[in-house]
Amino acid sequence: MKYSMIAAGIVLASAATADTQELTVYTYDSFVSDWGPGPAIEKAFEAQCECDLKLVGAGDGAALLARVRLEGVRTKADIVLGLDTNLTAAAAETGLFALHGQEGVAFDLPIEWEDTMFIPYDWGYFAFIYDNTKISTPPANFKELAASDLKIVIQDPRSSTPGLGLLMWVKAAYGDEAPAIWEALSDNIITVTKGWSEAYGMFLEGEADMVLSYTTSPAYHLIAEEDASKSAAPFEEGHYLQVEVAAKVAHTDHSDLADEFLAFMVSDAFQSIIPTTNWMYPAVTPDDGLPEGFETLTIPTEALLFAAGDAQAERDGALEEWRLSLSK
Amino acid sequence: MASLSVKIKRQRGIGFWVGAAVAALILFLCFGTVGIVAWRAEAGSTINEADISALTFTVKQALLSAFFSVILAIPVARALARRSFFGRRVLITLLGAPFVLPVIVAVLGLLAVFGRSGIVSWLLGQFGIAPIHIYGLHGVVLAHVFFNLPLAVRLILQGWLAIPSEQFRLAASLGCKARDRRRLLEYPMLAEVVPGAFAIIFLICTTSFAVALAIGGGPKSTTLELAIYHAFRFDFDLSKAALLAILQVALSGCAALLAWRLARAASVGGGFDRMVNHYATGSSHVGDSVWLLMTSLFLGLPLAMIVIDGVPRFFSLPLSVWQAAGRSFLVSMATTGLTVVFGLSLAFWVTRLRGTARGLGEAIGYLTVAVSPLVMGAGLFIVIFEFASPQDWALPITALVNSIVALPFAMRVFLPAVEACDARFGALAQSLDLKGFARFRLLEAPRLARPIGFVAGLAAALSMGDLGVVALFADPARATLPLALYDLMGAYRMADAAGAALLLMLLSLGVFYLFDRGGRTDAPL
């Protein structure tokens, strides 16, 4: 009896130390904001893991990768959440990430998922969002947008995944003609922000007529604010697809906990939080389906996407073209 | 000659070698860091058109900023020189505010006035005119004029006050008209003072980072400093960062040489230092008032908006902002200590040198005005990365780099004060064999209390508001207040940002006031 109590004591004590385990997730700013998925995700995972989940906002998606590269093997991150397929090849090259090891997940993505290092948690199409009470006929393609005198806010492709997505969108749609499109767009661009939050905030404050965001963004205004005034402009070129992913850091001290988080990420608990907090399509449709309002969203007729390796190959050249065209 | 060399030798105590060590440290931070960045850079990166456009933009905005600051400053300085009015002292104090105001705070204030949803756009909207927007070249120039107009006014005002009032009297008694007065007295003075003021402001604007970061608006308006930040922070492209660093150092080096040559104090004949306000005609009176009113509004409105926007959220700021404020305070105090120690040791060292060595020593003190904080930061990052996590060192490095940036100001103040003290009491101290720390405590410290207080205040305020090198190492868990404020703006939490801006402004002005004041009242003279 005495021994079993001691044994129980040891078990409890070790459970108590396990309690203090901390899992650090680097992610983008809007994910950790009060209205983003962060608070609900933290609560749901902590209830399950009996650990402390620390979500750290580190700028926007592309800045995330830069930060992990700067920190190298000394990074404090166990998980990096918020890269996308335009960055996964570059991220894999750093050697800082481990294989995800999650098998048999039935993803509901517009593409086949074969990456064994990065695991998707949501997806969406990039689109320009406008106020339909102010603009009755939005531009139907990039050329019309460039010809108009509409003012737009975009994000920096070096720090932000939507910014990089736009770079890839124009490249995928126009190829060698891309620099000309950027030059034409140059006088429409009010400013280039470091991240998505700032750009979208500026648009909502009336600083710009249109902002680069997602076809799912109007759902936020519709569902959370009962405001139907925001729409995504359908573009004839098709819309570039974004699949947002996470991965485990290879040097993590909490490997098992990190694996548990990755498994949690594709579970119903996580996925059901995503649509109405991150305002993206879930990577695995929750049991209850998509929330009401999502059926009103624009569905692009054509999805554009570079495979991860191609995106990596295109990035540097496209970025130089972008810098140059916009600096003229 | 022999006795002179003996005399010099006897004065070379520990203080002399500390000064020499500080000079060596400065040389390393200025040039060594560029070398390190260049050394780590892999070959292959070349300067492309976009980099050249960053260079041309840097030059263009600096030229425009200097031009508008100086052109606008001339009538303002003239009005201040010849009018005495209620609130003149307040206005002159206001002119000093931008020196110690954090850039990022001013940007927020300028956005509230000149942004698309700011006061000016709102006023224009009342008349059906389309709103203006601040992003891009004109926004950068506007912000630089906000910061440098006061400096230009002060420099030119000094020129005006240096014209003895007797000369104006003489001109009046000889029946000179306003036109003649300008031709004979004011234009020659301006011709001497304006090029120097222009060159100094041009130099300051060539290393612009925070302004371009916040309202640059993309590749079209990227300064070299910002391009270095992008290359380092976003692409981790050291070769590009090194190339840009070399361009930056070359540019601001040239600008510094230019300023060095042009910025000589105008020397006009002596007088009795009276106000020059009796000789203006009625119409110029109205003109002066308009200029002074416009300047007050231009400088005062953004400051007022920071207070108005900041107060509602001030007392419910998130804990992280207060923690960042705490870190900023510690960094600021460390910078202050380092600046005073560096500045004083360097000043003592320089006063012990003779001839060419002296000129070179002095030049080392002013050298850092031309150097890029971001290049220093990048170089130190690479060194530290070899053995530790640079993030852990972010705050000490920020304090060190800030103190180096503040050094030229410190030298400007310390050198004349130390020289004066040495000239007056040096021989006496030597005859009493007063040296080392005892000499500093008994002789120099009391006499230098005022300059030390002023320099400490300036260094503390500059460091409190600095958004430069800390952005390279950015880590929200170790963010300083300016960085936390910038992050809040990035997340578009504008209400919190406004509250944080007010806090930062109060802290910057507060530390400046306390140190400057402390230097004045505690001086046991």
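FYI, residue positions are counted from 1 along the chain as it appears here.
Glycine residues also receive a Cβ, built from the backbone N, Cα and C atoms like all the rest.
Annotated features in TrEMBL:
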DOMAIN    B:55-259  domain 'ABC transmembrane type-1'
DOMAIN    B:325-515  domain 'ABC transmembrane type-1'
TRANSMEM  B:14-41  transmembrane segment
TRANSMEM  B:61-81  transmembrane segment
TRANSMEM  B:90-114  transmembrane segment
TRANSMEM  B:134-157  transmembrane segment
TRANSMEM  B:189-215  transmembrane segment
TRANSMEM  B:241-260  transmembrane segment
TRANSMEM  B:290-308  transmembrane segment
TRANSMEM  B:328-351  transmembrane segment
TRANSMEM  B:363-387  transmembrane segment
TRANSMEM  B:393-415  transmembrane segment
TRANSMEM  B:451-474  transmembrane segment
TRANSMEM  B:494-515  transmembrane segment
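The highest tally of CB pairs under 8 A with the transmembrane segment (B:241-260), across B:14-41, B:134-157, B:328-351, B:363-387, B:494-515, is held by B:363-387. Looking at B:189-215, B:328-351, B:393-415, B:494-515, the range that has the most CB pairs within less than 8 A of the transmembrane segment (B:290-308) turns out to be B:494-515. Remote same-chain residues near the transmembrane segment (B:494-515) are listed as 97, 100-102, 104-105, 108-109, 303, 306-307, 309-314, 316-318, 321, 324-325, 328-329, 332, 336, 453-454, 456-458, 460-461, 464-465, 481-482, 484-485, 488 (criterion: CB distance under 8 Å, separation of at least six residues from the stretch ends). Highest Cβ contact count with the transmembrane segment (B:189-215) among the listed stretches B:61-81, B:328-351, B:451-474 falls to B:61-81 (criterion: pairs under 8 Å). The stretches the transmembrane segment (B:451-474) and the transmembrane segment (B:61-81) do not meet in space: the count of Cβ pairs below 8 angstroms, excluding pairs fewer than 6 apart in sequence, stays at fewer than three. Between the transmembrane segment (B:328-351) and the stretches B:14-41, B:61-81, B:363-387, Cβ pairs under 8 Å are most numerous for B:14-41. No contact links the transmembrane segment (B:134-157) to the transmembrane segment (B:363-387), because fewer than 3 Cβ pairs that are 6 or more residues apart lie under 8 A. Counting only same-chain residues 6+ beyond the ends of the transmembrane segment (B:393-415), those with a CB under 8 A from a CB of the stretch are 26, 29-30, 327, 330-331, 334-336, 338-340, 342-344, 346-347, 350-351, 362, 365-369, 371, 373, 376-377, 380-381, 384, 448, 451, 454-455, 458-459, 462-463, 466, 468-470, 473-475, 478, 480.
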